[in-house]
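**Student:** Next up is a structure, given as structure tokens.
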Amino acid sequence: MEGTLLHPGFFLLAPLAIASFCFMVGVGSSDRFIDWPYLWLLFRNISPYFWAVMGVALCVGTSILGAAWGIFVTGSSLVGAAIRVPRITSKNLISIIFCEAVAIYGVIVAIILQTKLENITRKQGLFTKGNMAAGYAIFGAGLTCGFSNLVCGMCVGIVGSSCALSDAQNSTLFVKILVVEIFGSALGLFGVIVGIIMAGSQGFARVA
């Protein structure tokens, strides 16, 4: 239990969960503990442009977070091991490049999704189904790409750290662990491909 409370994820998720619960209880009718119809009304009236922009932000933000995490883990191990074995520095820089590629994936997909954003208006107080679908699709594409790149960056960073430490002890292990790192880096490409496919046929249409 003590280890769970000290985990960094707890300090991130606990405030979000508490804030979400307080919001659900605080809005709507005072006669109901949680006014689900009112929450559904709020959800239906959220602009699809908001969902699309949120998807773009999550795509680039979480991708950069994953890349930074991977570079932090790999770089710290590489610099520490290079003090004793300087020869590993040049070869293991490829692990840093793999981590940086994760951020580039997110930026590329975010640019593609950004080109689909247009200013839209309501028709008779409501958004069209096509615009709602486009907003949800772009949000889902950004979420898919962003979180896959986040996990990919963590994976490449941990494997790259192990690669640097192993190479410091035995240089013959470098190529073998590099193969594992390449497959780990490919995980981010899956999210990029799926994200582009999800948002490929979607787009906002202006209401006349």
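The backbone N, Cα and C atoms fix where each Cβ goes, and this holds for glycine too.
Automatic prediction, not curation, is the source of TrEMBL annotations.
What you see is a predicted model, and the numbers here were worked out from it, not measured in a lab.
So TrEMBL lists these for the protein:
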DOMAIN    54-113  domain 'V-ATPase proteolipid subunit C-like'
DOMAIN    139-198  domain 'V-ATPase proteolipid subunit C-like'
TRANSMEM  6-28  transmembrane segment
TRANSMEM  49-72  transmembrane segment
TRANSMEM  92-113  transmembrane segment
TRANSMEM  134-161  transmembrane segment
TRANSMEM  173-199  transmembrane segment
**Student:** Find the average pLDDT over the domain 'V-ATPase proteolipid subunit C-like' (139-198) in the predicted model and report it.
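**Tutor:** Residues in the domain 'V-ATPase proteolipid subunit C-like' (139-198) carry a mean pLDDT of 88 in this prediction.
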**Student:** What else in the chain is close to the transmembrane segment (173-199), if you only count residues 6 or more beyond its ends and a Cβ gap under 8 Å?
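**Tutor:** Hits for the transmembrane segment (173-199): 59, 63, 66, 91-92, 94-95, 98, 101-102, 105, 108-109, 112-113, 116, 137-138, 140-142, 144-149, 151-153, 155-156, 159-160, 162-163, 166-167.
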**Student:** Going by DSSP, how much of the domain 'V-ATPase proteolipid subunit C-like' (54-113) is helix, how much is strand and how much is coil, in residues?
**Tutor:** 56 helix, 0 strand, 4 coil
**Student:** Taking residues 6+ outside the transmembrane segment (134-161), which of them lie with a CB under 8 Å of any CB in it?
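**Tutor:** Answer is 47-52, 54-63, 65-74, 76-78, 92, 95-96, 98-99, 102-103, 105-106, 109-110, 113, 116-117, 177, 180-181, 184-185, 187-188, 190-192, 194-196, 198-199, 202-205.
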**Student:** Counting by DSSP secondary structure, give me helix, strand and coil numbers for the domain 'V-ATPase proteolipid subunit C-like' (139-198).
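**Tutor:** Secondary-structure breakdown of the domain 'V-ATPase proteolipid subunit C-like' (139-198): 59 helix, 0 strand, 1 coil.
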